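Just below is one structure, and these are the notes that go with it.
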Amino acid sequence: MRWEEQLSRAGWRITMPRRVVMRVLERAARPLSPQEIHARGRRLHRSLGLVSVYRALMVLERAGLVRRVHREDRCDGYVLASPGHHHLLVCRRCGRAVEFPGAEDLSGLIAQVERRTGFRVEDHLLQLVGLCGPCRDL
Ligand SMILES: [Zn+2]
Ligand SMILES: [Zn+2]
């Protein structure tokens, strides 16, 4: 399914900022911060504002089209998301982010956390950090 279809099925319109953000992320080799997306997006559409980029990212994330990547410098990045529940592997040297399917062997851990804390867990984000193949060989 094309992203435009996925977005409209989720009940959102296809606007210029959403289209530009998707085009920028489709060409990106690593997660990009909203500022980086804005800088690249302005080359495609000069009137693109930073606030529109933030809003577009929020909508695209809720529609499951982009995924937020936590970076240690507190400046979160965004990558395209494949459909379904995935987790992320992030290389701490080159910043490359790779998705892997959510193999849900977390249920034991989650049940334990619920027992200990009294929380009802509804969702989780999992991001593993390490070195990718090429960076390990450096
Ligand atoms: Zn790497
Ligand atoms: Zn999971």
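Glycine is treated like the rest: Cβ placed from N, Cα and C.
Those TrEMBL annotations? Automatic predictions, nothing curated.
When Cβ atoms from all protein chains are considered, those within 10 Å of HIS85 (Fe cation binding site) total 12, not counting its own. Among the features that TrEMBL reports, Fe cation binding site is placed at HIS85, HIS124.
Long-range C-beta contacts of CYS135 (Zn(2+) binding site), restricted to its own chain and to partners at least six residues apart, with a cutoff below 8 Å, comprise CYS91, ARG93, CYS94. Residues or ranges marked as Zn(2+) binding site by TrEMBL: CYS91, CYS94, CYS132, CYS135.
Among the binding-site residues HIS85, CYS94, HIS124, CYS132, the residues whose Cβ sits under 6 Å from any atom of ligand 1 are CYS94, CYS132. With a cut-off of 8 Å between CB atoms and residues at least 6 apart in sequence, the same chain places LEU106, ILE110 near HIS124 (Fe cation binding site), listed in sequence order. DSSP assigns CYS91 (Zn(2+) binding site) to a strand. Apart from CYS91, CYS94, CYS132, CYS135, the residues listed for Zn(2+), the same chain places the Cβ atoms of ARG92, ARG93, GLY95, ARG96, LEU131, GLY133, PRO134, ARG136 within 8 Å of the centroid of those Cβ atoms. Of the listed binding-site residues, namely CYS91, CYS94, CYS132, the sparsest CB environment within 10 A is found at CYS94.
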